[in-house]
Amino acid sequence: MDMTTADPLVGATLDRRYFVESRIAGGGMATVYIAHDQRLDRRVALKVMHPSLAQDPQFVRRFINEAHSVAKLSHPNVVQVFDQGTDQGHVFLAMEYVPGRTLRDLLEERGRLGPDQALQVMSQVLGALGAAHRAGLVHRDIKPENVLLTADGRAKVADFGLARAVESAHQGMTKTGTLMGTAAYIAPEQIERGTSDTRTDVYAAGIMLYELLTGSQPHTGESPIAVAYQHVNSDVPRPSTVVAGIPPEIDTLVTKATERDPRYRPGDAGQYLSAVMAVHNGGAPAFAETSVIDTTRPPADGPAQQNGAAPVAGGNDTVQVDLGSGGYGGYDGYGDDDDRPGPDWKKYLLVATAAVLALVLFGAGWWVLDGRYETVPNVVGKDQNAATTDLRALGLKVEVSDTPVYSNKAAEGEVAETDPDVGANVLPEETVTVSLSKGPRTVEMPSVVGDTEANATKALEDAGFDDVEVEQKDSYDQAPGTVLAVDPKEGADADREETVTLTVSKGFDVPKVVGLVEDAARSELDGKGLEVEVKTEPSDDVPKGEVMKQSPEAGTTAGAGDTVTITVSSGKEQIKIPDVRGMKVGKAKKKLEKRGFKVKVTRILGANRVDSFTPSGKAEKGTEIELITSPFAPRKPQGGDDDDD
């Protein structure tokens, strides 16, 4: 599949520096491109944030701060951040381009890794995380998709700081219950309290080690919410229960890192790395008492070596460049002044003679060539009457054109142009045609963004724009028919004969939620900006709590704030159990079976009248009702029915 198709950024240049060559990946928060850094002549990876994030000022502010922090992080297993910028609403990171594939690609190809290979990969990932933790950074989104593998097998961790920027903008968990982070790797404390620290990364790393060893994730479910809450309520199993032969020391590496209580995990990636290396070298994991690095402070600007970086070469030394003799030295094409030729008097004499002859000819021909003509005066900007008076005073005839023209020099109704033009020579009695102005050709674009298509079109027509085109675009936050953008932009000077393009919201398609549980359906609809109304109905076929109908149906066009009604199954219909006390067994059984219940009879002393029954109240069809007889049962039915058996 060609990922460059219809992508407007491919072929564009961002920040007058990064030429976008092709698109290579897309995700929930950003799209990644290969770009050429034209300033430093190198290939880079350009991660461009999705428009929904780029329009959030809080996200952009946090994103810039995080980019500055991550750019200071230097480690062989970290994807280096080179630059950050914004251009025409695009918020982006310029990063080291790592040709190769992701750890996810490797898992999909091989299924799982052997213990030795898994520990080798994890040691590199934890080395990168350890450097970040020492610098005060927490990744918050460790997963195989964010681990890149170079051609020589080195692992590099990407996307430091991005999850924190998004989390800050959305405050961890949104009002609709959307979890920030990949559900398969999210730590329990992120779900329960919305908090994260170095131990959160350790938990995700433990989940990833489990996946490398087994080829599967420890928790699965029908929805991300269901998976996430399994992290809260279920322990991660030992990998050896899935793949035979995994040593108990490696089991301990997984179970210790994925403790549900963060107090019992390694305090940071450095501690976890020490345990991994101990096992990799043939020993047993030794976990120190947990301590947590403070990640609320910004990374220190101390020596680069604290993050594993090499010293900066050069220091404060200054390099001087010898310009040689290439600068301008006043050389004018001659040698010494004494060698320059003297004035040519014969040449001067010829020039003077020609000038005199020209004056004689001019005086003789002036009348023939120019003297009998009048010059069209400048009447542009004058009203019609004043212009007519000035032209007639020179003996000229005046005619007013029936077709007004645009003019940036004359107000509407004033003279915009003449034919012949101002300054032209005309003979007496010749006709000069004047054209009146219908206003300036260029006008300021009116403000129409946020208005309805009809109002915007009228405002443009009132401003003199006759050629208006409309383009439809999906929008999750603007009602259908709302103007999202205009080209030329609002406030710009535009030619009235130019085509104006309105980009108008067409809303969006209502997602399908039938078949989802109620919470998942709410989350899906809330995420699109839709209001949710819930109804319940019994169903013999649809499990309790599952959506069985929605209105409007999936695929219907909707806008932000529209209401979608979902009908949730309340389970099988509850039927009232009749009171059969005092009835004979035969009649009681017949009455219950007629309503769809099964009947079990327990006789005491061979009695034939019902003394009691269980359960009572309401129950689903097919429920077994136990009738208990007794010689002491009432002789008359208690439910109001006569016993005529």
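Placed from the backbone N, Cα and C atoms, the Cβ positions cover glycine too.
Feature annotation from TrEMBL assigns compositional bias 'Basic and acidic residues' to 536-547. Same-chain residues lying 6 or more positions outside the compositional bias 'Basic and acidic residues' (536-547) and placing a CB less than 8 Å from one of its CB atoms are 513-518, 521, 566-574, 621.
The domain 'Protein kinase' feature in TrEMBL is assigned to 18-277.
Positions annotated as domain 'PASTA' by TrEMBL: 370-438 (among others). Taken together, the residues in the domain 'PASTA' (370-438) have a mean pLDDT of 87 on the 0 to 100 scale.
Summarising the annotation, TrEMBL assigns domain 'PASTA' to 439-502 (among others).
Taken from TrEMBL, the feature domain 'PASTA' covers 503-570 (among others). Note: the domain 'PASTA' (503-570) comprises 10 helix, 28 strand, 30 coil (DSSP; helix = H, G, I, strand = E, B).
As annotated by TrEMBL, domain 'PASTA' applies to 571-631 (among others).
What TrEMBL lists as region 'Disordered' is 298-321 (among others).
Annotated region 'Disordered' per TrEMBL: 536-561 (among others), in sequence order.
The region 'Disordered' annotation in TrEMBL covers 611-645 (among others).
For the domain 'PASTA' (571-631), the DSSP counts in helix, strand and coil order read 10 helix, 24 strand, 27 coil.
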